[in-house]
Amino acid sequence: MIEMKEVYKAYPNGVKALNGISVTIHPGEFVYVVGPSGAGKSTFIKMIYREEKPTKGQILINHKDLATIKEKEIPFVRRKIGVVFQDFKLLPKLTVFENVAFALEVIGEQPSVIKKRVLEVLDLVQLKHKARQFPDQLSGGEQQRVSIARSIVNNPDVVIADEPTGNLDPDTSWEVMKTLEEINNRGTTVVMATHNKEIVNTMKKRVIAIEDGIIVRDESRGEYGSYD
């Protein structure tokens, strides 16, 4: 479970990104975070995986407060949070298999477990047949699906996706969304920040709309809304 309680975030330059946000996201939910540019969506997302720390308030992930945990505890919390970025962040000199395996290698997992788990998640994202290829040999959609595989290889409770279709064409975007929906159907919570109106309106998931750092709308089967 993800809980935010009266969360504020003010940056040193005076920008107030979040202004007293309180929200609960339950296990297994699929949630879109929408709003105009500069509304606070990215800050909201970054709070969940502790890339940003709140100025004030509580952020609880499975009852652990990310606002007060020690720095040395952060890597352990992140093991249960998968992150998918807009720009993939794949390592160009590693194969598809190696990119996904890296997430397990850094925590000291056994080689036999790594091989089994990596092949399982590559099969899930339908890229097992490209395990030995390098990122520059893949399409944009394929690279993003590798990124998704990497985000779930450690069996996270939550997957955070920050504009995962932002650099993709419409058809490829839908391929990525089908993959995220399949992950959600298997029980993983998915929280996704997006500007893609068509995807939000078609898939009919929970929508949290943020404007000027506050939640202005929270609907169980919501739509995107109108933003410039």
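Glycine is no exception: its Cβ is also placed from the backbone N, Cα and C atoms.
Keep in mind that this is a model prediction, so the values were computed, not measured.
Feature annotations, reproduced from Swiss-Prot:
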- Gly35, Pro36, Ser37, Gly38, Ala39, Gly40, Lys41, Ser42: ATP binding site (BINDING)
- 2-227: domain 'ABC transporter' (DOMAIN)
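The most crowded of the binding-site residues listed here (Pro36, Gly40) is Gly40, judged by how many other CB atoms sit within 10 Å of its own CB.
The number of other CB atoms found within 10 A of the CB of Gly38 (ATP binding site), across every protein chain shown, is 13. Taking every protein chain shown into account, Ser37, Ser42 are the binding-site residues, and of these the Cβ with the most other Cβ atoms within 10 Å belongs to Ser42.
For Ala39 (ATP binding site), other Cβ atoms within 10 Å of its Cβ number 22.
When secondary structure is read from DSSP and collapsed to three states, Ala39 (ATP binding site) falls in the coil class.
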